[in-house]
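Student: According to TrEMBL:
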DOMAIN    21-213  domain 'ABC transmembrane type-1'
DOMAIN    260-500  domain 'ABC transporter'
TRANSMEM  20-47  transmembrane segment
TRANSMEM  59-79  transmembrane segment
TRANSMEM  85-108  transmembrane segment
TRANSMEM  194-216  transmembrane segment
Amino acid sequence: MTFNWDYFFSLFSMAAFWQASVTVVELSVLAWCAGLVLGFVVASARLSGPLWLKSLCQVYIWLFRSVPLLVLVVFVYNLPQMFPASGVVLGNAFFAGLLATILVEVAYMAEIHRGGLISVAKGQHEAGHALGFSYLGIQRKVVIPQALRIALPALVNEFITIVKQTSLVSVISLPELLMTGQGLYAENFLVMETLAAVAVYYVLIVSVFSLLFQVLERWANVQVKTPQTLHDSQLDALRQQAVPLAKRHAGEQHGAPDALLMKQIQKTWGQNQVFKDIDLRVAPGEVVSVIGPSGSGKTTLIRSINGLETLDSGEIVLFGESFIQAGDNRHSRLRKQGIRRIGMVFQGFNLFPHYTILQNVMLAQRYHQQPEQESARRAQALWLLDKVGLLAHMNKYPHQLSGGQQQRVAIARALALSPDIMLFDEPTSALDPERVGEVLKVISDLAREGMTMVIVTHEMDFALAISDRVVLMDKGTIQADTTPENIRHGEATPELQRIRQFMGVNSAKVA
Ligand SMILES: Nc1ncnc2c1ncn2[C@@H]1O[C@H](COP(=O)(O)OP(=O)(O)OP(=O)(O)O)[C@@H](O)[C@H]1O
């Protein structure tokens, strides 16, 4: 038996096949888009909805991943027998096939989205929270763009699967590619030639969409962007546009309330009591370093100040106004307002990897839609980046910077909302030793400018050099709270002995 090439090639000028190709593309694109959106909704509900909704989503995914598409297509097409009213839509083979495909794809794509969503690091959510974003704001600006990028290759793969699965819809007589071919070879018996042409049509459709998706994946992949460092001439031009951030160091005048007051704070993790009645005051403009052995609760303390940890009892007051109380509503207006007065710098930087450095710094201002125009926001962001010595890198992405540079961007980002208090959680712990100095210098500059700061640090010399007070935490309590001057020269009390010993300070030697 010979292959009839003339017949084979004639099938590529046949209108019925091109019409069938359009049907396949329409069915695939509509099913994919619906699966993309509804799958995301199901995945989000499964991850963060109430228990009943989580269970419902789980049952949906289990059911529709288990039922074969072919069975579902026939079932949906025959539904009008039970519900005659549905015949208006489901009597049409295209809509019946589309609905069955969507039902299955929502289940598959929900699981792909779930993988993307849980891959977004916890620190990304926390960075959004620290910039005062609402839950939805964090999802929109931080989580969803990253989750979609992570899930994109799997989502593209799902599209290809859908294209091929459309052939199953031939079972309900929808004239897609396979059925068109079947109609032909039933008459002329040229099965091989007809099916070979059907295969080529599928390969063509998949190839065109693969190319389109490749462009999309390339656009979305920040890892392949070429790093751009600006030249001196470009920097001079940008500096002309830069405008300093308005100073907002609140309440430094005499008699002003404490910038931060922690009253009788208690917290336990299971059996572990991390705080036993912590009381801490920080005056406006004061720099307080928190030191202590590993596991003494320093990080938990600083995270509690920013509402990232809950309290079992006690209260946190900012500039005389109650900010956080044990058991209060995490979404209260007072909390949200307070969080925007606090800038937080994390040990692991937590920059947003899908935004450039400039976009990272501008994001919070854009989100909160402050009255300034976009150009004013940009001018301030340029100034902040210049202040931390990174203007030349403004168009790069976080992964294109060193750890020290990333941490300096994180400081600029936290400063962009003109906070009244800056919190630093071991800002240099994740850095190579040669990068530590550049970050400490930026913090020292802020201290000189009068910024109120609470710094958790293991850098003892740095703490002594820039702090107004050093606080030693251990065993859930504040064991010492004193000035660097006292630590160096004060009369030896048990409290001073303890902090000197911990800091490795020999008072006689230092004096
Ligand atoms: N999410 C959590 N769940 C349970 N226990 C926790 C959690 N976070 C911290 N802890 C516990 O709370 C205690 C204080 O932890 P924390 O991270 O605040 O200490 P730290 O002083 O900052 O330590 P280090 O200097 O090593 O960073 C530790 O015993 C730790 O195991």
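Note that Cβ sites are derived from N, Cα and C of the backbone, with glycine treated the same way.
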Student: Which residues of the chain, 6 or more past the ends of the transmembrane segment (194-216), have a CB below 8 A from one of its CBs?
Tutor: 8, 11-12, 17, 20-21, 24-25, 28, 152, 156, 159-160, 163-164, 167, 177-178, 180-181, 184-185, 188
Student: Suppose you look only at the domain 'ABC transporter' (260-500); what would the mean pLDDT be?
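Tutor: The average pLDDT of the model in the domain 'ABC transporter' (260-500) works out to 91.
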Student: Go through the chain and flag residues at least 6 beyond the ends of the transmembrane segment (85-108) whose CB is under 8 A from any CB in it; none is fine as an answer.
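Tutor: Result: 23, 26-27, 30-32, 34-35, 38-39, 42, 60-61, 63-65, 67, 69, 72-73, 75-77, 79, 158, 162, 165-166, 169, 172-174.
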